[in-house]
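Step one of this worksheet: look at the structure below.
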């Protein structure tokens, strides 16, 4: 119970008025940058680092934590309202969230995202406080072959985001995988498919593809249909708050999303995207109304949003216990620690206990502040949908382009964005789902390097994947998930033939 | 007419003097430092540190940092060289990784084409093994490599980077073929750390600072550092002190426009020189865990040339460059 005692001490540091102000500034900035596509929390924290050098370490780290959590909240808002994910972890949220918003249920979608994020972050922050040293021991044992097993499961589950036609889904996934090959091969440093364009050596940025396919594609599609038959989204239908049924359908996905998100976020190469895919699939399978998926199922927003925020807290586990930043924002926060001569790592919890627990406590506080800030804003956000469509989509085009340019000011990047926009338009026009393309770009390079690292360690022996129980189990799960539906179909057909 | 010529001459002379003197008043400098990498990386934080100290010590009136990420810095370098017009206010922060990236990416531009101003910091690399490894000393590691180079699994940062180069140099010193080195590249020292702690590798290479916590807590055993001399506060001895003639430092330096000349160049040199000799700079690099590796412009220039040749020959022996 030592930890509880330390946590109470942490709260006494975090509720000092000055630190509360820092937390408030952090969540405000974080929400703002999360809403704008392209400008992520990493860039914001990097810009603020020199400014905060003069402040005391506690205050500025508390502010950074606020920005970090705030960015996660903000990213989902645009995904739901405008079908424009602010960052890649919100791609899945856009699938159901935007359908809900179009049907006049933007309010409940935003509410379940905000409350789900709150619940998930609360539980995951508690997990960070009490389980971090334990969890990290498991996490470092996660070897390349285990990552490969996890990727296989992710690939199989992605089929849930395919929509009606698996063939169209696979085509879209293949496009994403192909994009994922572009750039320097991480293991050998050789260029692949770059055609001599140096800007392509780092590969295609996930946010550029997501913003291009989703936001620009959407805007072009709307424009193409506007003249013939203008679509009128319902700004608000029914209550803007969650109904009793919404609550009943949301709380389990929140908890399940948290359970998936936190441990995967804590893996050194886990990330926030994979848990959102897994959560979406799980909710779709478990839902009593699976037919609503694709037309605006609240579970499809609640689960992935919870998974997203839980993984954000999970990311702090390797950062604080190993000094290992697993996301760009965490890398910048590491620099923040170092500028006060504090080295996160195995000794951080003992050497700077006061600071760590102050940070954990302020994560709790930032989380409460975000909920208080976001719930009243929902009423304001849904008004966005009342803006006449040409203006709204004109604004989206401007923001999407500006955001991309802010992240990476290059002509090539803008051309890519425009190109992806046109592809996104064509995919919508011919009814291909866009999400699998983004998924392919995220998972492809991860699976590629996990596979080849494993083989490099085993000197080329493929048995390495089956010799380790953990990876063997994951591969078996993926195989069963892939084959079982066909087997059942085949069996059913076989019996029919016999009759 | 004569009168006119005379006064015109005077004006020209005066403006000439003004042009010459203006940059010398260092506090009037308004600079832009390009970090050819994304926010949060080593070059970015070095650029922002320099920005901070130059402004705090009054060596520059204002300093702006811009990030041009891409391809190990070659995208930023190409843009920097492409936009060159002799401007006296454009700086580039880069290091050994860019030397390697220019070579392995077949980049048309490299660091010998920009004007060196000063070498700033140099981080020692460290060679570690997991804490329960039977390998206790650098000689044990050399023997393991010599026995079977393929099963000696190295982990470290990006392919062709400083970590990879050091692994190849040690393999060569062990008497094995450096082109056979089984080096598994991770996106950075952090991810490689997980592979080390998980016991999936024989040995690992990274910047000392990145693994300092695990070395001090005893989770990793440091065999040697690649810095030429012992460093205060680092227990591991240099490779050179352990009988291997290997020296490799992850250095970072600051460069100016290829065509900057004369008084403008001198002004930049003295502003950066004064900055790195200030107490503020020394305190800051200490806080960041960087080692001071200052070298003035002339020395830095010869260093760049020799480093480029050396890196090219190592990368060729690994098979990453032709």
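Quick reminder: no glycine exception, Cβ is built from N, Cα and C everywhere.
All annotation found in TrEMBL is predicted automatically rather than curated by experts.
Copied over from TrEMBL:
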type	residues	note
TRANSMEM	A:20-49	transmembrane segment
DOMAIN	A:20-438	domain 'DUF112'
TRANSMEM	A:61-82	transmembrane segment
TRANSMEM	A:109-135	transmembrane segment
TRANSMEM	A:147-164	transmembrane segment
TRANSMEM	A:259-280	transmembrane segment
TRANSMEM	A:316-335	transmembrane segment
TRANSMEM	A:355-373	transmembrane segment
TRANSMEM	A:380-400	transmembrane segment
TRANSMEM	A:406-427	transmembrane segment
TRANSMEM	A:434-451	transmembrane segment
TRANSMEM	A:471-488	transmembrane segment
Checklist outcome for this item: For the transmembrane segment (A:434-451), the distant same-chain contacts (Cβ-Cβ under 8 Å, at least six residues beyond its ends) come to 88, 91-92, 94-95, 144-145, 147-148, 151-152, 154-155, 158, 161-162, 169-170, 172-181, 186-187, 203-204, 206, 209-210, 213-214, 217, 269, 271, 273-274, 277, 424, 427-428
Item to check | Within the predicted model, mean pLDDT of the domain 'DUF112' (A:20-438) | outcome: 82
Item to check | Leading contact stretch, A:61-82, A:259-280, A:316-335, A:355-373, A:380-400 vs the transmembrane segment (A:109-135) - CB distance under 8 Å | outcome: A:355-373
Checklist entry - So which of A:61-82, A:316-335, A:380-400 is most in touch with the transmembrane segment (A:259-280), counting Cβ pairs under 8 Å? => result A:316-335
Checklist entry - Short question: which residues 6 or more past the ends of the transmembrane segment (A:355-373) have a Cβ under 8 Å from it? => result 6-7, 9-11, 13-15, 19-20, 23-24, 26-28, 31, 57-58, 61-62, 65-66, 69-70, 73, 114-115, 117-118, 121-122, 125, 128-129, 313, 316, 320, 342, 348-349
